[in-house]
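Chemist: In case it helps, TrEMBL gives these features for our protein:
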DOMAIN    41-290  domain 'G-protein coupled receptors family 1 profile'
TRANSMEM  25-48  transmembrane segment
TRANSMEM  60-82  transmembrane segment
TRANSMEM  102-121  transmembrane segment
TRANSMEM  142-166  transmembrane segment
TRANSMEM  197-226  transmembrane segment
TRANSMEM  238-261  transmembrane segment
TRANSMEM  273-292  transmembrane segment
Amino acid sequence: MNKENWTTVNTFFFLGFPGLGRLRFLLFIPILSAYTVTMFLDIMIIIFVSTRKSLQSPIYLFLTHFLFSEICLVTVIVPNMLHILWMDGANVSVTGCFTQSFFYMSSGTSECYLLTVMSYDRYLAICKPLHYNTIMDHNLQYFLVSICWMLGFLVTLITMIFLSLFKFCGRNVIDHYFCDLAPFLDIACSETSSLQIYIFVLSVPIIAAPFLLTFVSYVCISVVILRMPSIGSRKKAFSTCSTHLLVVGMFYGSALINYFTPIKGHPIAINKMISVTFTIITPLFNPIIYSLRNQDMHAVISRYLQWWK
């Protein structure tokens, strides 16, 4: 059938997780639970940081913005995903799909930049402790946060404008549960090679550059820690960045698996489960890690629990 005869698509039909039948309700419950726990923990940590003087350092300012971006990401994805799962497939308008993709990508991109800023903060705190307060003043803190959000939205806006130039016609069925870039490329009836090149080039400022800066920061941190004279000093220095390092590893690990693993040759179900790792599991574990492994946060939570008793 000639593409010229295809009709323009106004809605996409998302299959979600087809073939599960009534078993999909067993998947609905853990996803809803994970979303609820993620939202509760993220909001709880944000409230703690905002109200406790012991958590008024720059790293916790960056943390609140990171967790807020995660709230945006999971809220954009999970409720609609639960609707698709409950209905065993659902229609989403092209406009709604573009909106979801925009907020999903902008939140994820901002997260990437915020993790880099947090790595820089840890670098200053450990490698240049005498100059830390002078360098990381309030002006720099809010400048870095603003840049992270502005770059996240600007880069994504350019991508969405570029994507809006493509035509979607003919088939409108997408075997996925949210509006990621890959489904757009699969069903577009326009030539997508230019968009694929653009996405590859864009991965440098979004993924490669922040990852490289984060890696260099932790190499410098490791060198300084290894040069410390006592084991106690090394442990104390490492404990101040181990939590963030674990979150960085989970974020980039899941992102690389989700977006840089070749999808061809893999079952669609596996590709969707990889996406579940990035959009549900990783956001769930991040606040848990900060709650349990961070000593300052753990102390604040313990005080609140004792107060409630």
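Just so it is clear, glycine is given a Cβ too, placed from its N, Cα and C backbone atoms.
In TrEMBL, annotation is done automatically, which means it is predicted and not curated.
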Chemist: Calculate the per-residue pLDDT averaged over the domain 'G-protein coupled receptors family 1 profile' (41-290) and state the result as an integer.
Modeler: 84
Chemist: Would you call the transmembrane segment (102-121) and the transmembrane segment (273-292) in contact, using three or more Cβ pairs under 8 Å, pairs 6 or more apart in sequence?
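Modeler: No; fewer than 3 Cβ pairs under 8 Å.
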Chemist: So if I exclude everything within five residues of the ends of the transmembrane segment (197-226), which remaining residues of that chain have a CB under 8 angstroms from its CBs? That is, six or more out.
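Modeler: Apart from its flanks, the transmembrane segment (197-226) reaches 109, 112-113, 115-116, 119-120, 122-123, 126-127, 151, 155, 159, 162, 181, 234, 237-238, 241, 245, 248, 252, 255, 259.
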Chemist: Could you pull out which residues elsewhere in the chain have a CB under 8 Å from any CB of the transmembrane segment (142-166), counting only those six or more residues past its ends?
Modeler: 61-62, 65, 69, 98, 101-102, 105-114, 117, 120, 181, 184, 188, 190, 192, 195, 198-199, 202, 205-206
